[in-house]
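Chemist: What follows is a structure written as structure tokens; I'll ask about it next.
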Amino acid sequence: MSPEVTCPRRGHLPRFHPRTWVEPVVASSQVAASLYDAGLLLVVKASYGTGGSSNHSASPSPRGALEDQQQRAISNFYIIYNLVVGLSPLLSAYGLGWLSDRYHRKISICMSLLGFLLSRLGLLLKVLLDWPVEVLYGAAALNGLFGGFSAFWSGVMALGSLGSSEGRRSVRLILIDLMLGLAGFCGSMASGHLFKQMAGHSGQGLILTACSVSCASFALLYSLLVLKVPESVAKPSQELPAVDTVSGTVGTYRTLDPDQLDQQYAVGHPPSPGKAKPHKTTIALLFVGAIIYDLAVVGTVDVIPLFVLREPLGWNQVQVGYGMAAGYTIFITSFLGVLVFSRCFRDTTMIMIGMVSFGSGALLLAFVKETYMFYIARAVMLFALIPVTTIRSAMSKLIKGSSYGKVFVILQLSLALTGVVTSTLYNKIYQLTMDMFVGSCFALSSFLSFLAIIPISIVAYKQVPLSPYGDIIEK
């Protein structure tokens, strides 16, 4: 049988090969990550809770004072931990991206998964041998030296972009995010129950961390032995490019791809001066929008675990797991949002919808007093994942396929660096304001989210419809 399938509207399309699907790697690694994140928070809380009790046994303090002290200790731990997680990949992530582009696409994925596994083993040994929590800084550094999440996710995005056409790329990348969200939801839902399986000071969290190590091991073995690199989707070279549509939708994705514009001009639509190719300012504006928005998201995500442990919410282990799972439902709703909005909106419009969604939810989160209010605020953030994923998709249409690895690594490292600064800043703001207005960090995130709309609006203004099919050029 022929390796290709004929499509009357698009010519020859490559046959689907299940071994090229990166989703199993994403799912298993994310289950491991969600179990690890919940386990890390609960283990650190238990460690500082025990230390706090012993240090103040001789001079009893009010419960509120002890809670504040524990919150500050956990916050200070995460400041250092996030600094290590954010800075350590700088030594290796770009190099792995370059090696992936030059030699083999799986290099960055496999190396970063090895680092994931080693860091999960570090948490397991901390629980098993009752090591001090400072050991986890070393585990995080080891993870970063193997590329960390920056190298892993840029490799995943490169594989997803490589095997998809421009018109399908937004859905392809958001589908990978959907798989990540579903896996994170399942892992978070189970995390609180797994943490409580072995009670007692020495065994608490052992089953949870062991499950995390098992999932990380599966992801590494699958990427090494099963995963294959997909073939690049070639563009038609001698005919007007067909409009790329998404199965089951009425409209089309509006493309930013300069090559399609060149092909259209070659068949009778000559470009006017300055309009042949998108300016570099478009990529720069997309970068700025992604970074400002990521500041808001990372700050909120970093503060939420501390916020839910403190009064007035004061959640237990199971409630913490459920709260983390609620955050992962955003992956599902964002995927559905892309499918619906792509029928009638351009990429820039979808990005702004997501930013408004997150900014509104963060503003509500600042005034949460009850558990049900927390879930309402999270529900308002239902499209919060759309912006960064759609920005990646738009950028991939402006660069050559051979540069996917390097460009995605640069973007991911930029987000990681801003995340390091944001984590430190937000944790310090939280410590200073938790007695006055505990929701101040969420209010700041809301402001930054709406601020990120400005560069995206400029990109949208520079785009003008060229044809009824939705192709766009710049002013």
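Counting starts with 1 at the first residue shown.
Here the Cβ of each residue, glycine as well, is placed from N, Cα and C on the backbone.
Take a look at what Swiss-Prot says about it:
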- 1-23: topological domain 'Cytoplasmic' (TOPO_DOM)
- 24-44: transmembrane segment (TRANSMEM)
- 45-78: topological domain 'Extracellular' (TOPO_DOM)
- ASN55: N-linked glycosylation site (CARBOHYD)
- 79-99: transmembrane segment (TRANSMEM)
- 100-108: topological domain 'Cytoplasmic' (TOPO_DOM)
- 109-129: transmembrane segment (TRANSMEM)
- 130-138: topological domain 'Extracellular' (TOPO_DOM)
- 139-159: transmembrane segment (TRANSMEM)
- 160-172: topological domain 'Cytoplasmic' (TOPO_DOM)
- 173-193: transmembrane segment (TRANSMEM)
- 194-205: topological domain 'Extracellular' (TOPO_DOM)
- 206-226: transmembrane segment (TRANSMEM)
- 227-282: topological domain 'Cytoplasmic' (TOPO_DOM)
- 283-303: transmembrane segment (TRANSMEM)
- 304-320: topological domain 'Extracellular' (TOPO_DOM)
- 321-341: transmembrane segment (TRANSMEM)
- 342-347: topological domain 'Cytoplasmic' (TOPO_DOM)
- 348-368: transmembrane segment (TRANSMEM)
- 371-391: transmembrane segment (TRANSMEM)
- 392-406: topological domain 'Cytoplasmic' (TOPO_DOM)
- 407-427: transmembrane segment (TRANSMEM)
- 428-435: topological domain 'Extracellular' (TOPO_DOM)
- 436-456: transmembrane segment (TRANSMEM)
- 457-475: topological domain 'Cytoplasmic' (TOPO_DOM)
Chemist: Can you tell me which parts of the same chain pack against the transmembrane segment (283-303), counting only residues 6+ beyond its ends and a CB-CB cutoff under 8 A?
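Modeler: Long-range Cβ neighbours of the transmembrane segment (283-303): 78, 82, 327, 351, 355, 358-359, 362, 365, 384, 387-388, 391, 394-395, 398, 411, 414-415, 418-419, 422-423, 425-427, 430, 441-442, 444-449, 451-456, 458-459.
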Chemist: Would the transmembrane segment (79-99) and the transmembrane segment (139-159) count as touching if the test is at least 3 Cβ pairs under 8 Å, pairs 6 or more apart?
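Modeler: Judged by the Cβ rule, the two regions touch, with the required three close pairs present.
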Chemist: The transmembrane segment (407-427): which same-chain residues, six or more beyond its ends, come within Cβ distance under 8 Å?
Modeler: 75-76, 78-79, 82-83, 85-87, 89-90, 93-94, 96-97, 108, 148-151, 153-155, 157-158, 287, 290-291, 294-295, 298-299, 302-303, 306, 388, 392, 395-396, 399, 441, 444
Chemist: For the topological domain 'Extracellular' (428-435), what are the same-chain contacts with Cβ under 8 Å, counting residues 6+ beyond its ends?
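Modeler: Answer is 68, 71-72, 75, 79, 303, 306-307, 310, 441, 444.
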Chemist: Quick one: mean pLDDT on the topological domain 'Cytoplasmic' (100-108)?
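Modeler: Taking every residue in the topological domain 'Cytoplasmic' (100-108) and averaging pLDDT yields 84.
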Chemist: By a Cβ-Cβ criterion of under 8 Å, what residues six or more beyond either terminus of the topological domain 'Extracellular' (130-138) are in contact with it?
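Modeler: That would be 40, 43-44, 47-48, 77, 80-81, 84, 122-123, 201-202.
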Chemist: With the transmembrane segment (348-368) as the reference, find which of 24-44, 139-159, 173-193, 321-341, 436-456 contributes the most Cβ pairs under 8 Å.
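Modeler: Checked against 24-44, 139-159, 173-193, 321-341, 436-456; highest Cβ contact count belongs to 436-456.
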Chemist: So, do the transmembrane segment (321-341) and the transmembrane segment (24-44) meet, by the test of 3 or more Cβ pairs under 8 Å (sequence gap 6 or more)?
Modeler: yes
